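Colleague: One structure, as structure tokens, below. Some questions next.
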Amino acid sequence: MPEQERKVTAKEASRKILSKLALPTRPWGQSMKQSFAFDNVGYEGGLDSTCFILQLTTGVVSILGMTCHSCVKSIEDRISSLKGIVSIKVSLEQGSATVKYVPSVLNLQQICLQIEDMGFEASAAEGKAASWPSRSSPAQEAVVKLRVEGMTCQSCVSSIEGKIRKLQGVVRVKVSLSNQEAVITYQPYLIQPEDLRDHICDMGFEAAIKNRTAPLRLGPIDINKLESTNLKRAAVPPIQNSNHLETPGHQQNHLATLPLRIDGMHCKSCVLNIEGNIGQLPGVQNIHVSLENKTAQVQYDSSCITPLFLQTAIEALPPGYFKVSLPDGLEKESGSSSVPSLGSSQRQQEPGPCRTAVLTITGIPRDSSVQPMEDMLSQMKGVQQIDISLAEGTGAVLYDPSVVSSDELRTAVEDMGFEVSVNPENITTNRVSSGNSVPQAVGDSPGSVQNMASDTRGLLTHQGPGYLSDSPPSPGGTASQKCFVQIKGMTCASCVSNIERSLQRHAGILSVLVALMSGKAEVKYDPEVIQSPRIAQLIEDLGFEAAIMEDNTVSEGDIELIITGMTCASCVHNIESKLTRTNGITYASVALATSKAHVKFDPEIIGPRDIIKVIEEIGFHASLAHRNPNAHHLDHKTEIKQWKKSFLCSLVFGIPVMGLMIYMLIPSSKPHETMVLDHNIIPGLSVLNLIFFILCTFVQFLGGWYFYVQAYKSLRHKSANMDVLIVLATTIAYAYSLVILVVAIAEKAEKSPVTFFDTPPMLFVFIALGRWLEHVAKSKTSEALAKLMSLQATEATVVTLGEDNLILREEQVPMELVQRGDIIKVVPGGKFPVDGKVLEGNTMADESLITGEAMPVTKKPGSIVIAGSINAHGSVLIKATHVGNDTTLAQIVKLVEEAQMSKAPIQQLADRFSGYFVPFIIIISTLTLVVWIIIGFVDFGIVQKYFPSPSKHISQTEVIIRFAFQTSITVLCIACPCSLGLATPTAVMVGTGVAAQNGVLIKGGKPLEMAHKIKTVMFDKTGTITHGVPRVMRFLLLVDVATLSLRKVLAVVGTAEASSEHPLGVAVTKYCKEELGTETLGYSTDFQAVPGCGISCKVSNVESILAHRGPTAHPIGVGNPPIGEGTGPQTFSVLIGNREWMRRNGLTISSDISDAMTDHEMKGQTAILVAIDGVLCGMIAIADAVKPEAALASITLKSMGVDVALITGDNRKTARAIATQVGINKVFAEVLPSHKVAKVQELQNKGKKVAMVGDGVNDSPALAQADVGIAIGTGTDVAIDAADVVLIRNDLLDVVASIHLSKRTVRRIRVNLVLALIYNMVGIPIAAGVFMPIGIVLQPWMGSAAASSVSVVLSSLQLKCYRKPDLERYEAQAHGRMKPLSASQVSVHVGMDDRRRDSPRATPWDQVSYVSQVSLSSLTSDRLSRHGGMAEDGGDKWSLLLSDRDEEQCI
């Protein structure tokens, strides 16, 4: 067909189809070459390149053997993937398949063969084929993007384009040299992406598939004819093309936004289907579909497309069940090109009205910040946006009046200490639209509300720090992107909240999720508004180090499922194909034999429960395959069992051998020949040798079997260790002894020869014992990890919420099936199953596993919760943010594992020595053999002199060989490794026994040998330096004793606090009972506890307590109370709490009382007030007291040349206060478990040996990483198992004792080795016959290992005389040096910051700020500063694991 005729035909066809679809046409004269549907992939598309004639054929295949729809699905999936197949439809009822295919690529017979390969019978049905010419269209095309590496110039680009363009099925190809990629449009029934990739690889380049676009399918709408029109080319140019002739203003005149209601969508695939297909229609500029709202926003050119056309196109999309509703006023219009304007389209989406209130605020200091006020208001329900101007003293609040009122907003601000008034004339009604407009109050000042509008462009309303914004981007924008940022410098959850809250205020940030332990932030953002480098800069502006991570892929989920109901291979194929087509699943493999499926997925898109649901929807049953939780841990049960068996077997037969050896050493007045055991049973065989032979044989082949196995493995790797030396010595000794004994019996010798049967039992007994104990110690590793994992909850209560957060359904879900984004209910006393954020409810959480602090932390909506922590009080709903291996607890487990794996074993000195000793002895033995043979043949008289022939029938040569061999074997046996092998284990066994007697449990020889090298000891604070529980330090009576006695106050306060579960309340109750000398208290009613403030109740029946006078001392400075006060029963109204609690109840706190509280708070103590019957009558100072021996231990370690440091998760000021009392100069405060590990590694990298002393779960990674981990005996099981040394008596002076004992033990080991070496150095030359000329020859007793072994054992037993230095000795050594340090003498490092935080002089404002920071065990005080910004900043840096700002923990 001529080119001109072809264009005319296309034009006429396009006009016909457009007239049917009410699509307005435009003159061809305005046309110019533009691209359609492919502009977004980087190349132009034109009519000439998209349409060509193609011959298609439809055939019918008869199929026998199909039994279910799974078979139908398998056949359709298999055949549709073949080249040349356009479509296939299989009918189970008719037993046939209708296939549309390209006959030039394959025929019907080949299709039948493919079906038969699947196990079915297939044949072509006659007379049912039809063929017709077809034009290629986008409905039959797909796009793939390939990564091409190796291109260097434009010639490479031309070569690839030229070759790929010639391939059958390739429609277009565009190669980019700068991007190193190729974008190819192809026909999937003719060629596949893998073929395209292979063709490029064959040309010498490296190619990989990046992504592919699904074929475009629009059902009855003829996209090919739509493409044939040039209306889009003429009227609606793509936004990316800057060369278009129309001006931007002209183009905007035709753009409109249409809101549509779409029913029938059920998953993300529907969204992608609509967006992908409709977005490529002529005139459609942009489309955004919301699955949650069931709406779509379409931006289109009203001059070339109509709303009716869009409705028809969407409803025609497969599978054909979409139902589109046009806005009011448009349903009845047909063919009209007029569409609602942007503003009118937005009004269709408007929800209920919102209001903007302008507040006038007075009392804000100029040097303060409005951030705390904004945070407080943003957390109120119904508040949508806040903008407060510090300069003008005004604030604009956008709120929903149906949820919150303006009076409530005013009251909330007034509660912060400011004066507020609401301007009624400025309260205006607004509607929150889905467009780009921002609500604005009438009459607002430019400095307030307009700033709010600018801060919220892009419709990013501020939802508060606890809100996770997962909403899609605005309709007018592009798809959101995600970046991952590595953040350094975070020390607590307050830092996390600070980063999340600050980033969410910026335009373009859609959601922020920060992980504290991994130091990583996941940020979703709108790339048109903000870019990832700017996000990193925003984080750095907050004072952290931030860097964009190159690998932006999220951690991939991996599960194994058990699937039942599969019967054949087609079932497997059906499941795999269904899973791989599911969005979010990256890999699926199903095994029919094992009925298991291995699935990898993106946890952000899909979860395990969703995957199981997908499988069950296609008719199968799936469940999670439970894996052994401890499968990855080292299991030493087998090794322990085998070495225990080896030791016991060697011991049973070795004890008699040792007895016989001692018997041989007993001096006797008679010659040895006359001894009973020396008598021959038969000629050449004595009683002693017979017993030795029997016992040694059992030991050699039963007890020594595992030594042979280890020696074989060592020799196979071409190395010689202690096992090789032991096996070599015992085997040669046994074989030599057996041979000479048999020879003596054969020759009927009068005297039984000297044998070495005593060597193997001695060696095997002690070495097997050492190996057994070694593997028992190693097994503790897996126990520590198992106990760590046991902290995790096994199930989670996942709930489904309805309107107003009403719980519609609860479901108990195994932890493995909990997904990110799940809403989880946690009841009081339960464990938080995952990391998350509180959605609803208030509670207190015990987070000691991460902070080490025993004080519970207040949790409210928006607060971060940690997996494994315990919910102490209220029931809460949380949203899961980190699950599986991303939780904080999993990160701690990972830290412990890495520390244990990286901790190189300390090689025994004897093992190192044996590597040289073994070959040396073999060489000496061989030289001895050769030298004596040479000497014998040169001068036989020398041999005959020292080795008289037992028989005259033996030849001269035989005598020489026997003598030379005997001396050679004697050298091997006298060089006994027994003494070397016993040198270390005997000293270690005695040393550990002595340590246990002195209250120190040392796990094996490695920590005992290493402790003497320690140069730095790092102490944890809570529970290690301190007792770990709060104690009352001072009880100050604020009223006259005559008015209210101390005993009465103690009785009332003790009774009130007896109803409290808070640790501070328990401490107060305990103190009151001790002071009153009683265990019974009065009664309390109307008890109320307000988290973060205090308690209130009514107390009665305390008269009986006052009548009882216990023998107890009163606090210093308080006189004896008067007797006989009040005879009748009284009821007291009691308030106990912080300053704010007293203010709320109308009590005034004088400056003297406030100063007294501040003095205690400056010391790291918590001060609370007591009011009885409306009168402020007492102040209680509570603190976690320092252990009395802590300062002495610190001074003693320093005197030994050991550096001492304090490392704690508590805030810097509490840590500094403790350090000054103990005498520690260097402090690391506000550190995480990972920081503790990093600090230990940092010191180890400097060549120092580090000991870590701790007691909590959060210390366990550092305990495992340290060269010697020392745990407090009263600490957690996890810490005890992870440590190398346990202080049973909870005495810090035992740290000094363990180092002292280690030095003694190592010194004894060295003495033992010297004794063993001396024995060998003297014995080997004698055994070799070097001193024969001077008459020194090998005597029988020297063949026994007892000479060296006994000396080594006796040397080790001298350790039993060790005595631990007593307290008086330590105090005498530290006399005159136990002085508290000043604050300036203590250097504090915060988190991973190596910069010293010196102690500045306290200004009046610092004292005020300090009150709101310092606390007991990460508790903060109650003084609410009116200078909100500075208090907030301080809280972010100093508070630990608090939600958004400093929160006070009170009784």
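Indices start at 1 and increase along the chain as displayed.
Using the three backbone atoms N, Cα and C, a Cβ is placed for every residue, glycine included.
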Colleague: Scan Ser137, Ser471 for the residue that Swiss-Prot records as phosphoserine.
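Modeller: Record annotation (Swiss-Prot, phosphoserine): Ser471.
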Colleague: Among the residue ranges 108-129, 966-987, 1274-1295, I'd like the one that Swiss-Prot describes as transmembrane segment.
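Modeller: Checking Swiss-Prot against the ranges 108-129, 966-987, 1274-1295, the transmembrane segment one is 966-987.
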Colleague: Same topological domain, and so the same side of the membrane, for Leu690 and Leu1367 in Swiss-Prot?
Modeller: no
Colleague: Which of the listed positions, Ser80, Ser480, Ser1443, does Swiss-Prot note as phosphoserine?
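Modeller: Annotated as phosphoserine in Swiss-Prot: Ser1443.
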Colleague: Run through Ser136, Ser336, Ser469 and tell me the one Swiss-Prot describes as phosphoserine.
Modeller: Ser469
Colleague: Give the three-state DSSP assignment (helix, strand or coil) for Cys270 (Cu(+) 3 binding site).
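Modeller: Assignment for Cys270 (Cu(+) 3 binding site) reads helix.
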Colleague: Between Ser1384 (phosphoserine) and Cys156 (Cu(+) 2 binding site), how many Å separate their Cα atoms?
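Modeller: Between the alpha carbons of Ser1384 (phosphoserine) and Cys156 (Cu(+) 2 binding site) there are 69 Å.
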Colleague: If I restrict to non-local contacts, at least six residues apart, and a C-beta distance under 8 angstroms, what lies near Cys68 (Cu(+) 1 binding site) in its own chain?
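Modeller: Counting only residues 6 or more apart in sequence, the Cβ neighbours of Cys68 (Cu(+) 1 binding site) under 8 Å are Leu92.
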Colleague: Write down the Cα-Cα distance for Cys153 (Cu(+) 2 binding site) and Cys495 (Cu(+) 4 binding site), rounded and given in Å.
Modeller: 50
Colleague: Express the distance between the Cα positions of Cys71 (Cu(+) 1 binding site) and Cys267 (Cu(+) 3 binding site) as a whole number of Å.
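Modeller: Computed Cα spacing between Cys71 (Cu(+) 1 binding site) and Cys267 (Cu(+) 3 binding site) is 25 Å.
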Colleague: List nothing but the one residue from Cys71, Cys156, Cys267, Cys270, Cys495 whose Cβ has the fewest other Cβ atoms within 10 Å; the candidates are the binding-site residues.
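Modeller: Counting other Cβ atoms within 10 Å of each of the binding-site residues Cys71, Cys156, Cys267, Cys270, Cys495 gives the minimum at Cys267.
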Colleague: Determine, to the nearest whole angstrom, how far the Cα atom of Cys267 (Cu(+) 3 binding site) is from the Cα atom of Cys156 (Cu(+) 2 binding site).
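Modeller: Computed Cα spacing between Cys267 (Cu(+) 3 binding site) and Cys156 (Cu(+) 2 binding site) is 43 Å.
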Colleague: Starting from the Cβ of Asp1020 (active site, 4-aspartylphosphate intermediate), draw a 10 Å sphere and report how many other Cβ atoms land inside it.
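Modeller: Neighbour count, Cβ to Cβ under the 10 Å cut-off: 30.
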Colleague: Reduce the DSSP letter at Cys71 (Cu(+) 1 binding site) to three states and note it down.
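Modeller: Where Cys71 (Cu(+) 1 binding site) sits, the three-state DSSP reduction gives helix.
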Colleague: Can you tell me the CA-to-CA distance separating Cys153 (Cu(+) 2 binding site) and Asp1020 (active site, 4-aspartylphosphate intermediate), as a whole number of Å?
Modeller: 62
Colleague: Under DSSP, is Cys153 (Cu(+) 2 binding site) helix, strand or coil?
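Modeller: Where Cys153 (Cu(+) 2 binding site) sits, the three-state DSSP reduction gives coil.
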Colleague: Between Asp1020 (active site, 4-aspartylphosphate intermediate) and Cys156 (Cu(+) 2 binding site), how many Å separate their Cα atoms?
Modeller: 64
Colleague: Please report the distance from the Cα of Cys270 (Cu(+) 3 binding site) to the Cα of Cys156 (Cu(+) 2 binding site), rounded to the nearest angstrom.
Modeller: 40
